[in-house]
Amino acid sequence: MAATADCDVMMAPVEPERSVEERDREAEAYKEKGNAFYAQKDYHEAYNYYTKAIDCSSKNASYYGNRAATLMMLAKFREALEDAQQAVRLDDAFVKGHQREGKCHLTLGNAMAATRSFQKVLELEPNNEPTRQELKNAAAVLEYERIGEADFEKRDFRKVVFCMDRALELAPACHRFKILKAECLALLGRYPDAQSVASDILRMDSTNADALYVRGLCLYYEDCIEKAVQFFVQALKMFPDHQKARLACRNAKALKAKKEEGNQAFKEGNYEMAYRLYSEALSIDPNNIKTNAKLYCNRGTVNAKLKKLDEAIEDCTNAVKLDETYIKAYLRRAQCYTDTEQYEEAVRDYEKVYQTENTKEHKQFLKNAQLELKKSKRKDYYKILGVDKNASEDEIKKAYRKRALMHHPGNGIPLMTRKD
């Protein structure tokens, strides 16, 4: 029989299992250290010691309550809510646990859940005045939310922004309110403000589909359609049932395609087709101000090519109504005014352009229009005679004789009363 080899491996000593009392004493010591750091406003260290206390004694509601308070000070309200909920699960009579649960719910915008938590506090402590005030705050948030949603349906976006600002004063960590505000800011054309709100959310949660949608919406309304589509697609990856992102993505792709088709038809000289395609593009999304301004201007150019100058002027007017800074539309309209001999209107448009973009070219446009206006105020004998400026000498003489005959003094006297 083979000899058995000796084993030289040293076994780690097994720590004797501590009693419940010992673990509780250790937990209390950690809690006291946590309290000390909390009092010094060192919330990270306080969090660490409360966590150690929980590791030693996971059934103590006050430890979860304390850690919830610390997380609230660190603005980590979702994690704080979980601790507060665990605290009241362990001890349903824990007033501070219910208070913190309610405060977390309210800060996160869950006003109905906050109301239930605050009502539980008042069941336990009917004279708790701070909680009565929190209950009023929760009711106010619910009302602002209700009014904001109704105003969104009415497309009163300014009022929605007002309501969301008031709600966010009481529920500052509510992403839902921030997103609704950002969407309305985008619809009001306040793109930098909307982008700022959405970016703040994405810094905290890069997968937030609503924030990705708002980022895309801002780019879409700023006529950066390709970039916008990328954000809409990303939002749909995060949340495939995001209806607003799906609709915006579809509109963006359709708008881009129609505009490009219209541009191609124009380049090919197919002006009737270009007019139809630009008109179809204009019907896709009336909220897209910048893109629609360009489409109106493009259609105005088409109408000018088709010699429909009044329609061209109307399209350019619609373009500058949508975008008062759109220089190209002013220039196109000014040319149409010149072509229809509306020189005062042409001068006004060129003045606007020159004030906005002080260039030599624009200065020359303005001078030319002013000269045409000055010339138009002189007597135009060709116009008086009713002949073209390129008329021959014989045509001019014939028109002159006709005009002279019309104005002969004898033409005003009836034949039977004339005297020789």
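Every residue, even glycine, has its Cβ placed from backbone N, Cα and C.
These figures come from a predicted structure and were not determined experimentally.
The repeat 'TPR' feature in TrEMBL is assigned to 27-60, 95-128, 209-242, 255-288, 293-326, 327-360. The annotation domain 'J' is assigned in TrEMBL to 380-420.
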Where does the mean pLDDT land for the repeat 'TPR' (95-128)?
98
Are there residues at least six beyond either end of the repeat 'TPR' (255-288) with Cβ under 8 Å to its Cβ atoms? List them, or say none.
187, 220-221, 223, 225-226, 229, 294-296, 298-299, 301-303, 305-306
Which bits of the chain, at least 6 residues beyond where the repeat 'TPR' (209-242) starts or stops, bring a Cβ under 8 A of a Cβ in it?
175-176, 179, 182-183, 186-187, 189, 191, 194-195, 197-199, 201-202, 248-249, 251-253, 255-256, 287-291, 294
What is the three-state DSSP composition of the repeat 'TPR' (209-242), stated as helix, strand and coil residue counts?
27 helix, 0 strand, 7 coil
Mind tallying the repeat 'TPR' (95-128) by DSSP state, helix then strand then coil?
27 helix, 0 strand, 7 coil
